[in-house]
Every structure is written in structure tokens, then in C-alpha cells.
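> Okay, here's the structure, questions in a sec.
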């Protein structure tokens, strides 16, 4: 439905980094600004995505000035109420439609995954094509990571309706409506989709960062 068979897609789509979580297990605040290896989680994510994507934007509510050091567009949720990551995805799709009108695809990732694979975009694109899907989702250890995904920009109308009319908030529940591709990554020497949700996770990430070759 969204051109899933096309091989002519641009190799570097826009990306939205989702930083709107409440970080309750870390005591609140901006999880994206927590430090790992002397850098913020957000800086590490940007480093992983910069060479893979045409442009990066940040999905976050509140005062955008707190992210001024990163020189990224900061986009608030386009719907009222805290509706979770799907609202951030919609914010990104709307932003891409306005600022990158030629783009057909958008990558989404959370801001708390500091070791994202450097072939993320390429492998998601290939999985989408090979499996003739509308959406491509990352997976590891037999588990999908729904917010690490490649989305068709044209899906934004359906997504807005799902959020506002159907009150759908779970990413899996929404994407189950469409053909989905899964791209699986190995978890050795470490899971590239490790995410930092707790202070203990941050401590573990410090150790992983010391062993990361790149």
C-alpha cells in the first residue's frame, strides 16, 4: 500500500528521536540527558544515527531550550495528553511531511538506546523490501523493539485517527494493522538495542561503553 516493493528509496531517511518519556524509574527528568561514558544518552544516539539519516529531529514536550546544545528541531506532540511514543511518531511524520516533502520513509528510535547498530537504516529498508511490508521493526533475541522502526510518511493520517478516534497508545497494537517486517540483530557481544531505563541500566551501559569498539 505504501510502495513496499520499491528499490529506489533514498538511503538516508529523516529520523525522529523519541525523548518524551516520563523516566519514572530514574526519578523523573530527561532520561536522554543522563550520562554514559562522559556523554549523554542523546549524544550517543545522535552519533549512531547521523551518518545513516538525512536529518534528525527530537520529539519532546516542555521547554525546548534544554536541548539547545544539540542543534536539533524539537517537536512537541501534536495531540493533547500523554499518549506515549505513538504521539512522538506522529509528531515526526507530520514534521517530515512539512520539512522533507520528498521523503517517503522516516526512522524512529528512542533516546535511551546508546548502542544502536550503524547498519540500522540499511537493514530495516532491506527487510521491508524482502518481506513486502509497510513497516519495518528492529528485533533482537527473538523480541521486537516496536519504536525502533521505519515508517511510511503516508501513514500519518491513519495514525492520527488511531490516536484521536480509537485511543490506541500501544505501538504494537497500531502496527499490527499493517504488514510488518522484522529485521533481527545478534545480541553478541552485546544487544545493540540495550536501553537504559533505570540507574542500574546506566551503570551497565557504562561497562558496555568501555567495551564498544566504535
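Placed from the backbone N, Cα and C atoms, the Cβ positions cover glycine too.
Feature list, courtesy of Swiss-Prot:
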BINDING   18, 19, 20, 31, 77, 112  GTP binding site
BINDING   112  Mg(2+) binding site
> Hey, does DSSP put residue 19 (GTP binding site) in a helix, a strand, or just coil?
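In three-state terms, residue 19 (GTP binding site) counts as coil.
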> Of the residues named as GTP binders, 18, 19, 20, 31, 77, 112, how far apart in Å are the Cα atoms of the most distant pair?
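Greatest Cα-Cα span of the listed binding residues: 19 Å.
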> Here the binding-site residues are 77, 112; which one has the lowest number of other Cβ atoms no more than 10 Å from its Cβ?
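Candidates: the binding-site residues 77, 112. Fewest Cβ atoms within 10 Å: 77.
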> Give the helix, strand or coil assignment DSSP yields for residue 77 (GTP binding site).
coil
> Which residues in the same chain, at least 6 apart in sequence, have a Cβ under 8 Å from the Cβ of residue 18 (GTP binding site)?
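When sequence neighbours closer than 6 are ignored, residue 18 (GTP binding site) has 59, 85, 88, 89, 108, 109, 110, 111, 147 within Cβ distance under 8 Å.
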> Please give me the CB contact count at 10 A for residue 31 (GTP binding site), counting all chains in the structure.
27
